[in-house]
């Protein structure tokens, strides 16, 4: 198979093992852990061209390229990573990883627990936070010999990690890109996460998280959780254009099977997701979202938290994103401007809702490329607080 000219092509994941204990915010300790990583491009001699990609809730290390010749689907952010793309692998060395607690090769609930005869951790895997993830990413940086990232980039939950980087390790990144994100979750967002969790926890096949030991799987719960989440990722306009009130069979069936196209879509998305994701991981990821709040240690003042930062910022929001509305990004921007920090902000008119950050929208791609490439048309110091 021939890959597109702007693709990174075939990529091979690498597993990094860390034998030192990892002390977590929850008070527990992982005796050792592993991180699954992919890299694209070439690290230059002085290691100054490295970009870290932080993934969202259902993301992982496979951000670009293909694993096999017959792969039909590229990495989750292939639209932005590759030769000549916004994150140009001809210029940058790009690092993507699967966070701990995940289910794509890094240490998580499906991994063997060395303190329990190497049985899967399951529900015994500790709850982890965005700060824990950033700590492990810093450890990975050390392993790679990268003292300072040229940029740390992330969308949604990934954007929260990028923001945490700027607070916890202000001397270790030059640029921070926060896309379709928020400084902390609203009560509404926490509520959506709780409904998703209860869908899983109430599934009879969940078995208190020990479904692997029971040779079972809470598939129905995970499908429902994904369906709820997916509704929040799309805008009303996107759903209207994609489905409207179209019927699958063209007429009412007067029953509870799938009738509307949007129902069929949600069930399909849930089904596909349930085949590739772990239920315990889903629970962990949603709690990490709920706990995120970099202002907590600064008197709950985001302005005070952002005063510690030293990098340049690009904050991007999308007009139809109601999961993390533009006003949430503006909170970050205002806190940075109050501190006279260099920040560029763009609210992009896009119809895809929260998922817009995954699409190669021309203005979005142009802005990201310009910010990373240092083009002068981004007048970061000229912004005024809204």
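Here the Cβ of each residue, glycine as well, is placed from N, Cα and C on the backbone.
Noted in Swiss-Prot for the protein shown:
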type	residues	note
ACT_SITE	156	active site, nucleophile
BINDING	226, 355	substrate binding site
ACT_SITE	321	active site
SITE	323	site 'Important for acyl-CoA specificity'
ACT_SITE	354	active site
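Feature map: Swiss-Prot annotations on the structure.
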residue: 156; record: active site, nucleophile; CB count, 10 Å: 27
residue: 226; record: substrate binding site; CB count, 10 Å: 23
residue: 321; record: active site; CB count, 10 Å: 28
residue: 323; record: site 'Important for acyl-CoA specificity'; CB count, 10 Å: 24
residue: 354; record: active site; CB count, 10 Å: 25
residue: 355; record: substrate binding site; CB count, 10 Å: 22
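Distance noted between the C-alpha atoms of residue 355 (substrate binding site) and residue 323 (site 'Important for acyl-CoA specificity') is 10 Å.
In the three-state DSSP scheme, residue 226 (substrate binding site) falls into the helix class. When the alpha carbons of residue 323 (site 'Important for acyl-CoA specificity') and residue 226 (substrate binding site) are compared, the span between them is 14 angstrom.
When the CA atoms are compared, the recorded positions lying within 10 A of residue 354 (active site) are 156, 321, out of the candidates 156, 226, 321.
Taking the Cα atom of each, residue 226 (substrate binding site) and residue 321 (active site) are about 18 angstrom apart. Cα separation, residue 321 (active site) to residue 156 (active site, nucleophile), rounded: 11 Å.
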